[in-house]
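One structure is given below, encoded as C-alpha cells.
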C-alpha cells in the first residue's frame, strides 16, 4: 500500500478552476465520488506522510496491546469506504514501503512500553554458581531435558545497599552462559553488551488488529491483484483511508496469524536470484500449530535493589516435561508440496532442499515467538528436513505415516535483550 496526496497549485487559474470545480461537483453528485481539489486542479502524487493507527482496543483490558493502542490509536471507522479506480495501473514495491516502516516503529514502541513493568535484570549480572537440577523427575529422561533447567546460587545487593545476601533460583539454559571451563560458573546472557530485562509471564500478551490510516488530504492505494508478487505494476487498484487490521505478531522462521492468499500459494522476494534475500511464502490454507509449556513452577521474589524484585523460579512441581509444539505431518507435507511447486516456477530444473539453519543467533536458528508472555525457541529440524527432486518427486529423510503428529521441541527464554537504556 502507498499513500497518495493532492498537491497545491498556486498558478493563476481561478477562472478555469471555478468552471472545472463546478463540473467536478456535478460529477460527484451523480456518482457519489469525491476528490480533494486545490484551486480546481486535482493533482495526485506519491507522498510520504505520517500515518496514524486505529483499533478497537478496550480501555479496561490490561493486555499490553490494548494498553498501548488505547493511548496511541483512535477508534476504527465503523463504515470504511473503498473506491475502485477503473483503468488505473500503479507500481507497488512491498520491500520499500513507508507504511511498513511506520508499522515497525510502532511495534518497537509497543514492546518498549510492554517491557517497562518488567524488572531490569542488569543488577543481576553477577557470577552464578550453577548445577544440574537434582531431585527432579524427567518425563522421558532425554538428554535434551536434562540440564535444560539449572539450579544457581548467587550474591545480590539487598534493599540496604551495603548488605550482600546469598540467593538461589532456577534458570533456563538459554538464559545463562559459562564463564569458565568447568561449567559451574555462569552469568546471564547479554550481560556485557546491553540492558537485559526479565520477561513477564504474568503479563497478558495477545496481539489485536491494528489499522493504519492516512490523514486528511491523503489516500492509501491498495493493490487487489490476488497473484501480485510484491513489486511492479498492479492493474486492480483501489483507494482506502485505512488498511485492514494487522496483528503485530513478532516471530522468526514461521509467520504466525498472518493473512492467507486467495487462490494459490504465493511466494515473494525482492530478488529470487540473490540467495541473501528473504523469500516470503503466503499460504492459502492455515496450518495449525499448538504449543505448550507443561511445567508447573512455584516462584519467589528476590530483592535486587531498592524497589526492584526479581521473580525467579524456586522449584518445579511434578515431572519436568519439555515445552513443545505439535503440527500435523500430513498438512505440513502438503504445504511443502505447494511451496515447492511455486519455487520450481522460479528455479527450473533445480532440486529444492529444505534444511535447518547453519548457525547464528537463537532467533535465527530456531522458531522464536512469544506466547502468553513467555518466549519460546523451537527447533524446526523436523519441519525443514526434506529434499524435492526436479522431476517433482520428493525424499523425506524421516519417512513415516502422514497421520502422525510432528512434535517440535522448544526451550523457554526468561531473560531478554531490551537493547536500549
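From the backbone N, Cα and C atoms, a Cβ is placed for every residue, glycine too.
Among the features that Swiss-Prot reports, signal peptide is placed at 1-31, with the record citing similarity to another entry.
Counting only same-chain residues at least 6 apart in sequence, those with a Cβ under 8 Å from the Cβ of residue 73 (disulfide bond) are 52, 53, 54, 55, 57, 210. Taken from Swiss-Prot, the feature disulfide bond applies to 53-73 (among others).
Feature annotation from Swiss-Prot assigns N-linked glycosylation site to 97 (among others).
Annotated disulfide bond per Swiss-Prot: 118-200 (among others), in sequence order, evidence recorded as similarity to another entry.
As annotated by Swiss-Prot, disulfide bond applies to 125-191 (among others), with the evidence given as similarity to another entry.
Annotation source Swiss-Prot lists disulfide bond at 130-152 (among others), citing similarity to another entry. For residue 152 (disulfide bond), the Cβ neighbour count at a 10 Å cut-off comes to 22, with all displayed protein chains included.
What Swiss-Prot records for 130-151 is region 'V1'.
The N-linked glycosylation site annotation in Swiss-Prot covers 135 (among others).
Here Swiss-Prot flags 140 (among others) as N-linked glycosylation site.
The region 'V2' (152-191): residue composition by secondary structure is 3 helix, 22 strand, 15 coil, according to DSSP. Among the features that Swiss-Prot reports, region 'V2' is placed at 152-191.
Same-chain residues at least 6 positions away in sequence with a Cβ under 8 Å from that of residue 183 (N-linked glycosylation site) are not found in this chain. According to Swiss-Prot, the N-linked glycosylation site annotation covers 183 (among others).
The disulfide bond annotation in Swiss-Prot covers 213-242 (among others). Counting every protein chain shown, the number of other Cβ atoms lying within 10 Å of the Cβ of residue 242 (disulfide bond) is 21.
Annotation for residue 234 (disulfide bond): spatial neighbours 89, 90, 91, 92, 223, 224, 225, 228, criterion Cβ-Cβ under 8 Å with sequence separation of six or more. In three-state terms derived from DSSP, residue 234 (disulfide bond) belongs to an extended strand segment. What Swiss-Prot lists as disulfide bond is 223-234 (among others).
When secondary structure is read from DSSP and collapsed to three states, residue 229 (N-linked glycosylation site) falls in the coil class. Taken from Swiss-Prot, the feature N-linked glycosylation site covers 229 (among others), and the record attributes it to sequence analysis.
The N-linked glycosylation site annotation in Swiss-Prot covers 290 (among others) and rests on sequence analysis. Every protein chain shown contributes to the tally, and the Cβ of residue 290 (N-linked glycosylation site) ends up with 10 other Cβ atoms within 10 Å. In the three-state DSSP assignment, the secondary structure recorded for residue 290 (N-linked glycosylation site) is strand.
Per Swiss-Prot, disulfide bond is recorded for 291-325 (among others). Under the DSSP three-state reduction, residue 325 (disulfide bond) is assigned to strand.
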Confidence summary for the region 'V2' (152-191), mean pLDDT rounded: 78
Residue 152 (disulfide bond) and residue 325 (disulfide bond), distance between Cα atoms, whole Å: 28
Counts by DSSP class (helix H/G/I, strand E/B, coil) across the region 'CD4-binding loop' (357-367): 4 helix, 1 strand, 6 coil
Number of other Cβ atoms within 10 Å of the Cβ of residue 191 (disulfide bond) across all protein chains: 18
